[in-house]
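Working notes, beginning with the structure itself.
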Amino acid sequence: EKHFNLTEHFILKEIVMIFFLVFAVQEIFGYKTQGWRRALCIAGYILSCGALLLLFYWKPEWDVWANCIRCSLEEADIVLLRTTDEFRIYSRKTVTWISVSALIRSRTDYPATAEEDSIFSKAIMKPSLQVKSIQVQKIRYVWNIYAKQFQKVGALEDHLTCSAIHAKFGSGLTCNEQNVRRVICGPNSIDVPVIPIWKLLIKEVLNPFYVFQLFSVCLWFAEDYMEYATAIIIMSLLSIFLTVYDLRQVRHLNSFHKEDFFLISGKGFQELESHHLVPGDTLVLKEGKTLLPCDAILISGQCIVNESMLTGESIPVTKTHLPQADNFEPWRMHCAEDYKKHVLFCGTEVIQTKADDRGVVKAVVLRTGFNTAKGDLVRSILYPKPMNFKLYRDALRFLMCLIAFAAIGMIYTVCVFVLNGEEAGEVVKKALDVITIAVPPALPAALTTGIIYTQRRLKKKGIFCISPQRINMCGQLNLICFDKTGTLTEDGLDLWGLLPSERNCFQDIHNFPADHSLPWGPVFRAMAVCHSLIVWQGKIQGDPLDVKMFEATNWVIDDSSGHHTEGQGPTYATVVRPGPKASSAPVEGVTILHQFPFSSALQRMSVIAQEIGGEQQVFTKGAPEMVAMLCRAETVPSNFESKLLLYTAQGFRVIGLACKSLQAGKQSTDLTREEVESDLTFLGLLIMENRLKRETKPVLEELSAARIRSVMVTGDNIRTAVTVAKNAGMISATNRVILVEANQVPGSFSASITWKPLEENKTEDYRSLQEDKLSWNALNNAVGLCYRHQSFTISLPFLSLQLLLNGTVFARMSPGHKSSLVEEFQKLDYFVGMCGDGANDCGALKVAHAGISLSEQEASVASPFTSQTPSIACVPELIREGRAALVTSFCMFKYMALYSTIQYLGVLLLYWQLNSFGNYQFLFQDLAITTVIGVTMSFTGAYPKLVPYRPPSQLISPPLLLSVVLNILFSLSMQIFGFVVVCVVSSTLEQTDNGYKSYENTTVWLLSTINCLIVALVFSKGKPFRQPIYTNYVFVVVLIVQLGICLFLVFADIDDLYSKMDLVCTPTTWRISMVIMLAVTLAVSFLVEEAVIENRPLWLLLKKTFRYHSKSQYKRLQRVLEEDSAWPPLNETFFSDSVTISVEGNMGGHSNPTFDSNEDAL
């Protein structure tokens, strides 16, 4: 697959690829309206009484094709968009014109300095001074005159360099530039308009399903079938009003955006409402709490931000200013994955600002409105990604088959009634009636009912769902990715020990808690200052690791101290001082002058600190291998690697510490990160204990027993991750683990992958640990994959697939890599679940088929499912309920198909005699039988044990089709036999014309009604995915009551009742014969369902006999690997020709554009 981004537009045959949040890539086609075509269409609307207009409403592409002719995008006044996914969904957009002539007095007045190379100057057409635009899913696109394509506005250009941002926007935009941008971009707001109820009602009523309902109801009223028509109207109205109510609930999204006032630095300072902000404006962030109304790049000072609204992580985040790097790289590429450390996101709260020597904290507006991170989240709710699930596609095909079935019945009906000389009006009514019988109007409602009940059961178990259509998908999950920290292991870390290093040698370990406190020295200073903690709401807040480390020193944070450095103005800095319980220290305190926040890409953080009255020092902490690489070789102990292996192999989380002194006179703000983090002195290893949650091992064992693959995806050290995997039972402790190292060959663009047993790496030099790593367990297909931040993709595609197929532990994974990994699994046709608890998992939670968040705060936006209980016990629970819901959907489909077919066959048989069911007979079958069964059949709960196979994922599968076909044949045989026998017998008896009343009618109606109950019982499956049928007490009682009423109608001989129900009294022997026929049908149906349809060994034998193999990619690969005697390769090295460098977290040449926008914003 080719990788596209917003700056790469390919023009081919007038097709331009544009990116949107939800539908990924869309193709855009230009069209021009033609007057005579338009006139013909209007005439068609009138002549068809609006039917053509309704058709165009459902199919916007037909509307465009009928009214317009194809033209270039430059000439177009209408554009047609088509998604490039499997859905191929069309949408129609009208081109609008924005005039800026009132703002630009002359050609020399524009562009200004900031506009020379911007989309704003390239979009204004001369001499009309107008801008051509379209709006798609709340995002505005304008026509670039030079590039001949539509481009997004409302955000700064991606090509801007760090120095360009500082130079062009550091002093703000001119008033004229602001006004032009304001008109072109629109207001900076995330307003979700509350659509009037009448509009929502009309839109809902125009749904094809409700149009069919309306057609059915009109037909029933014409036939005086008032009662059921009224019931359907009430049910439909209730459904419509519930949908409208849900849609109106989106008004709460408006609460995301608040009006604030900011100081803008243009020509001096001005105060402006936040909805007037435009990309390029420069904000001055005031002291105190501020809710950000846009995305902005920090260009001076430092901020502490609470991002819990976006990520669910309540830990404050430190933001640093964008460096003034003088190079030609775009700013995001220069900052790589760490660009988010400089971006303040919309909707987040600035808790604290810290000015530097430049005096004020400034930020340049990066994105506004729906282009922001918060806007992306709101759009993901407003325009959810369409679900591609075989069940829903098969359902549509199934309905098409029923319509075709109905068409045959219509032809038969017309022939029978016309040959018998019936009136034309009556023939039309009877023929149309066949459609409403063959296609069950209650089918969508019945399917929805099952999902709603499952959702309620999940809610009772503390699992909340915001995407109900994904529940059925959970029944197909066969691979679950787990985050490690906070998901498999406890959220908090305990400080276990400190292994200090002096003069190239490790000293005695210092255990925590200990009787004697840690002595004063460089290691103590590193623990006291090398963190990003703040005091917020009276408590120390920050990363749990930092909190534990700092608490071990018994020092306290004085966060309000003003610090004055020689040659600089006063700046606010964090000062740490000895607390009441602290051991004596020779200093009053230490000031943290500057921070380089933790970067998952660099795997470290650093601070510049100064003892009060002392010299400035640098302290660094991070991944031990990375810290050791930054240290002078003579300061790193020779047994560093073996000591690191000793602790990581026991499952400890190990952090490396280092420091160095800075030369006097150097200002901390002028130093680059590369200068600061070089030539360090190694101080030692901090050892943290991370315990498994008690639910982890039993849950993973349960998943393993159910043949559901478990994968660990973590940012931690590979050895720590492998040890945790062994402790959790993901990898057997007795099995060998193989480490696979991916190295970039120095000075070239080629790479190598080396496979070797993990144990043989004990003596490996730490300096070679720059590569990505994988571990593979040869006996139980357990593999660990470790990526570094530069994420290069090696040109060994088959090898990559082998690793994905066998991987169990994927370590050193960044948030972008987690999302990409899930996507790669999905490409192999796995149904992937992702379970995580933090902001780092946000992207993967959204990309997965079923994302399960263990963080309550993320319930609204981060994932489809949220567990109130922070343990992975929710995963098997969700799979159980998903399987039960999926099986319930199949049962409901089969029942509805049989119910409509049974009624359809009965009516066609009676049509032979120009007869039919009476209104009350229809009403009894439709309401008293089918509607009640449809509601109660879904009450059956999930079976408590996960079996080692999944339910079928599609309706068009041999067992399901065979079940439906055989039961149709049984019903047909029984009804035809009964009908023929009664016809023969009744021909010898005298019958008067009493409307619908006849022996044939009575026989066929009673047989078909009780047959519906038989089908409901036979299709109500219990084990292995649902609990036994007898546990659904309501359903059992309903069946017994319905059967009792039906048998009462068979044997009762009450004239008034029979008259009302259009029944006649038949001989007792015939009644007994009917019961025997029904009993035989029940026995045969039940026997076939159990002995054939549900006989798993039989179907497996048939598959083996006919050599049927699964078409899933991962199954095919497994078969190939089984035949490969050389797998796995040991002590071998493979080379690739090239390495594709991937930036911004995208994996090599592949990305999922659907979620790229979201991920970049988070």
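Placed from the backbone N, Cα and C atoms, the Cβ positions cover glycine too.
Copied over from TrEMBL, here are the features:
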{"type": "TRANSMEM", "residues": "12-29", "note": "transmembrane segment"}
{"type": "TRANSMEM", "residues": "35-58", "note": "transmembrane segment"}
{"type": "DOMAIN", "residues": "152-225", "note": "domain 'Cation-transporting P-type ATPase N-terminal'"}
{"type": "TRANSMEM", "residues": "228-247", "note": "transmembrane segment"}
{"type": "TRANSMEM", "residues": "395-419", "note": "transmembrane segment"}
{"type": "TRANSMEM", "residues": "431-453", "note": "transmembrane segment"}
{"type": "TRANSMEM", "residues": "896-914", "note": "transmembrane segment"}
{"type": "TRANSMEM", "residues": "920-939", "note": "transmembrane segment"}
{"type": "TRANSMEM", "residues": "960-982", "note": "transmembrane segment"}
{"type": "TRANSMEM", "residues": "1002-1020", "note": "transmembrane segment"}
{"type": "TRANSMEM", "residues": "1032-1052", "note": "transmembrane segment"}
{"type": "TRANSMEM", "residues": "1072-1093", "note": "transmembrane segment"}
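Only pairs six or more apart in sequence are counted, and the transmembrane segment (960-982) with the transmembrane segment (896-914) gives three or more Cβ pairs under 8 Å, enough to call it a contact. Residue counts of the domain 'Cation-transporting P-type ATPase N-terminal' (152-225) by helix, strand and coil are 43 helix, 3 strand, 28 coil (DSSP-based). In this chain, the transmembrane segment (1002-1020) lies in contact with the transmembrane segment (896-914); the count of Cβ pairs under 8 Å, excluding pairs fewer than 6 apart in sequence, is at least 3. Sequence-distant neighbours of the transmembrane segment (920-939) (same chain, 6+ residues past either end, Cβ-Cβ under 8 Å): 225, 227-228, 231, 440, 442, 445-446, 449-450, 453-454, 888, 891-892, 895-896, 899, 903, 996, 1001, 1005, 1008-1009, 1012-1013, 1016, 1020, 1032, 1034-1035, 1038-1039, 1042, 1045, 1060-1062. Per-residue pLDDT, averaged along the domain 'Cation-transporting P-type ATPase N-terminal' (152-225), amounts to 80 for this model.
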